[in-house]
């Protein structure tokens, strides 16, 4: 922050918005250092500051003490020049103390209204979590997923959530058409107003499936960096190959995990194995390599890893064995 603004604040010349910014800055380590530098500066030019009744009383007491000190010094006949004790920095110190007291007394309210705190959540393997956001939108987190968001949102700024893993969003529409943004790795954003969609982002791959409403994907560092989506479409991006596209999909199947079931619609066994690794922390070995690219369709219970393995074995006639986090499919 410009030191001139802090000086204006110490002189009681700030507008309400400037005073608010100065208060918030004084609550930071950098702001406190700047304040200390101002107080340590060799500023000897006297200034007159407007004082309220309490400040006038404190100033009078300080003046009386200074006068008393001067009288004592003169009686002792000390010839060493004494530097005046009422330079500008004393006024700065008094104003700074008043400012710090103001910070201590009112920063709680400023932090609640102007400086949101970050909430960070993470699910373990196989765990799902339903989260209600500050605007009453709902996020359902799949296993091994992290999200971040602010504890409250200003009405004149976008509602923002950061995601790594897989999550399903049910976004409410606000009266002022406030934008909702989901930030994904690789400088990709989902921009919506009110809708329902599923986000999957692990390693280099990102999938966004739209169930209801309308969203726009934005990809940084692209000439054509935005892509409109309609319900039933999936956006796919691969950071390694630097490619992205959209296509029609079974949106219900790709977000079925949040209802404790898994719907496979032409899903390869290698994709199922990756799902078991990403979401449940299982290391899967497929001994028969011909099974890797075989496609499966059907619905199985998805409450936990054991239920899924049992369902896969029964529905697709697979021999599956598990030892701790190691799974063998043959």
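Numbering starts at 1 and runs along the chain as it is shown here.
Note: Cβ is positioned from N, Cα and C throughout, glycine not excepted.
In TrEMBL, the feature transmembrane segment is placed on 89-110, out of the ranges 89-110, 111-132, 133-154, 155-176. Residue counts for the domain 'FecR protein' (121-215) under DSSP, split into helix (H, G, I), strand (E, B) and coil, are 0 helix, 53 strand, 42 coil. DSSP states for the domain 'Protein FecR C-terminal' (261-329), grouped as helix (H, G, I), strand (E, B) and coil, give 27 helix, 27 strand, 15 coil.
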